[in-house]
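Quick notes on the structure that follows.
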2 protein chains.
Amino acid sequence: MIHTGFPTHGPTLGDVGEHDVIQAIVNAAPSALNGDDAAVLTPSVPNSRVVAATDMLVAGRHFTETFTTPYAVGQKAVVQNFADIEAMGANPIAALLAISAPPQTPLAVVEDLARGIGDITQHWTSELVGGDVTSGSELVISVTAIGSIGGNLDALRLNRARPGQRVIAHGRIGYSAAGLALLQSGKDIPDEFDVLIQAHQVPQLTPGSGVVARAAGATAMTDNSDGLIKDVSTLARNSGVCIDLTSVALAPDAVLTAAGEYLGVDPWQWVLTGGEDHTLIGTCDGSAPVGFRSIGTVSKGTGVRIDGHEPTYTDGWESF
Amino acid sequence: MIHTGFPTHGPTLGDVGEHDVIQAIVNAAPSALNGDDAAVLTPSVPNSRVVAATDMLVAGRHFTETFTTPYAVGQKAVVQNFADIEAMGANPIAALLAISAPPQTPLAVVEDLARGIGDITQHWTSELVGGDVTSGSELVISVTAIGSIGGNLDALRLNRARPGQRVIAHGRIGYSAAGLALLQSGKDIPDEFDVLIQAHQVPQLTPGSGVVARAAGATAMTDNSDGLIKDVSTLARNSGVCIDLTSVALAPDAVLTAAGEYLGVDPWQWVLTGGEDHTLIGTCDGSAPVGFRSIGTVSKGTGVRIDGHEPTYTDGWESF
């Protein structure tokens with residue numbers, strides 16, 4: 001049984017005021033680089049370039065308070081940003097956090113969120129180095145990730161997939177969408193599906209997987225954020241190639257299949273359109289890098305196919 | 001007469017969808033670095049370190065739609081972030097933008113905002129290199145600024161004010177608060193006060209002023225964001241010094257005085273507590289750097305004084 005829900009009691013942001021809110025965040029996610037007008041980061045690799053990405057999460061839109069915890073939301077906000085950095089083959093080194101929240105929000109919500117951020121950033125030996133807090137009518141969390149890429153290899157681009165390459169993936173695809181469907185169903189959730197709930201609450205991204213892929217010959221990469229077919233289509237369109245996925249490499253595993261039966265849903269829908277796994281998908285010459293598996297091939301042409309045919313499901317996340 | 005107000009007609013974000021919203025932003029603020037999972041920035045100075053800061057603006061809280069324009073809000077969001085970079089003595093090189101907006105928001109609002117961002121970033125020869133758009137119940141704009149600092153001089157820190165130093169300032173102080181007071185009064189605003197309205201809509205920060213100050217011997221710096229006394233108190237507290245400001249150097253000028261008379265307000269209140277000018281305040285050894293003026297002295301002790309006395313007004317911005 002996975003813990004869900006936001007704290008509803010205790011002193012609020014309005015009760016304690018801006019100074020104490022910031023102090024709670026800094027205590028939960030400490031960094032010696034925080035506390036000035038801006039953070040100064042010293043790069044540590046030769047030919048170091050800066051890599052930056054940002055994502056915004058809105059309560060009720062990107063997460064549901066009863067389906068998750070502030071701790072998990074903080075982790076998710078970091079992981080989905082760090083996934084964008086990893087998808088360049090770069091190394092996340094710092095995060096910045098801007099929060100807007102109603103004054104009646106319990107301080108415990110922000111503390112728990114910052115603790116999640118502080119803990120997950122350490123998986124990448126990175127830190128929360130700065131931020132901003134303000135009041136607003138709904139909880140909005142904006143995280144910016146800063147990464148570093150060194151050496152002379154190119155960054156992993158959306159437009160670098162080439163005919164003849166292998167399509168590679170790291171991590172489980174469809175788990176996040178299955179977890180969300182279970183939570184939304186309102187049914188009791190058997191313990192065997194905990195792994196799906198966890199994957200929905202906090203995307204499971206292995207630190208360094210993008211860096212490894214770049215070193216091992218990957219050229220194009222993105223993260224599975226909006227739905228597999230949609231994200232792979234972005235790679236194919238930007239690169240001007242056709243990507244043919246292999247169904248046996250993507251087929252729902254035992255847990256996804258069981259969850260599909262439990263809810264009366266075709267689990268292929270989660271795999272092909274779910275998104276939010278924030279695992280890495282790319283293309284490479286030669287064999288798949290350590291930790292990656294082959295899920296298809298790149299050829300001349302356009303669009304995305306599965307075993308040579310149109311995918312059954314092609315929807316994905318739309319912001320509006 | 002200054003133009004104010006947000007567009008209320010035309011196709012909405014919900015009408016055109018995510019792709020077209022992003023395209024409108026990219027057209028209004030173009031950058032070759034935008035469009036991948038993350039932006040890759042190549043530093044161009046020796047011993048280059050990365051400097052990063054973020055700020056969030058909420059409609060109705062940080063700006064009032066009838067008092068400004070989306071174009072000005074976009075500029076303001078960039079300038080207040082770039083002020084944090086300049087306050088380190090660093091050079092802003094890029095901005096990232098995350099927007100949450102209701103689907104019924106006219107696309108023209110986002111286009112105009114992005115145009116403001118695109119135009120103002122060019123004052124620093126920088127670019128909008130990435131971002132995120134999502135729907136939410138209110139308009140929230142989060143900008144992250146990335147800067148670069150090179151050479152062997154230290155960054156300008158909050159804790160580097162030292163007894164014997166001169167206190168220096170760049171730009172007009174109190175203008176933004178006076179402009180806001182005029183707008184809030186509901187009275188007709190004579191043209192002579194346009195400069196105050198403009199300063200409120202878009203903070204007037206001279207590109208490179210922080211970089212110049214660092215090169216010329218400044219050691220501590222911040223920007224005037226929350227109110228002069230509050231921001232100078234932050235410098236004094238972090239540095240463990242007393243800062244004594246000189247009233248003749250801060251006295252309201254003819255425009256502030258006239259606006260004070262027009263509204264029946266003591267203009268010293270705007271100067272000492274207004275904030276949002278986002279001009280630079282710091283300390284330095286020797287004479288004031290080019291473009292800066294002396295506004296006081298640093299001595300042993302604690303707190304902030306004016307001509308040796310407690311300031312008349314000490315309030316400032318509080319987020320909650």
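Each residue, glycine too, has its Cβ placed from N, Cα and C.
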Given that TrEMBL lists B:His62, B:Glu276 as binding substrate, which residue among B:Trp268, B:Trp317 does it place in the same site?
B:Trp317
Additional site residue, B:Asp84, B:Asp112, B:Asp154, B:Asp285 [criterion: listed by TrEMBL with B:Asp37, B:Asp223 for Mg(2+) 3]:
B:Asp84
Round to a whole number and give the Cα-to-Cα distance in Å for the pair B:Trp317 (substrate binding site) and B:Gly131 (ATP binding site).
28
Spatially closest candidate among B:His62, B:Asp84, B:Gly131, B:Glu276, the listed binding-site residues, to B:Thr54 (Mg(2+) 1 binding site) (Cα to Cα):
B:Asp84
Kindly assign B:Asp223 (Mg(2+) 3 binding site) to one of the three DSSP-derived states: helix, strand or coil.
strand
Starting from the Cα of B:Gly131 (ATP binding site), work out which of the binding-site residues (B:Asp84, B:Asp223, B:Asp226, B:Glu276) are within 10 Å.
none
Using Cβ atoms only, which of the binding-site residues B:Asp55, B:Ser225, B:Asp226 are under 8 Å from chain A?
B:Asp55
Sequence order is fine: just name those binding-site residues in B:Asp55, B:His62, B:Asp132, B:Arg157 with a Cα within 10 angstroms of B:Asp223 (Mg(2+) 3 binding site).
none
Other C-beta atoms that fall within 10 angstroms of the C-beta of B:Asp55 (Mg(2+) 1 binding site):
26
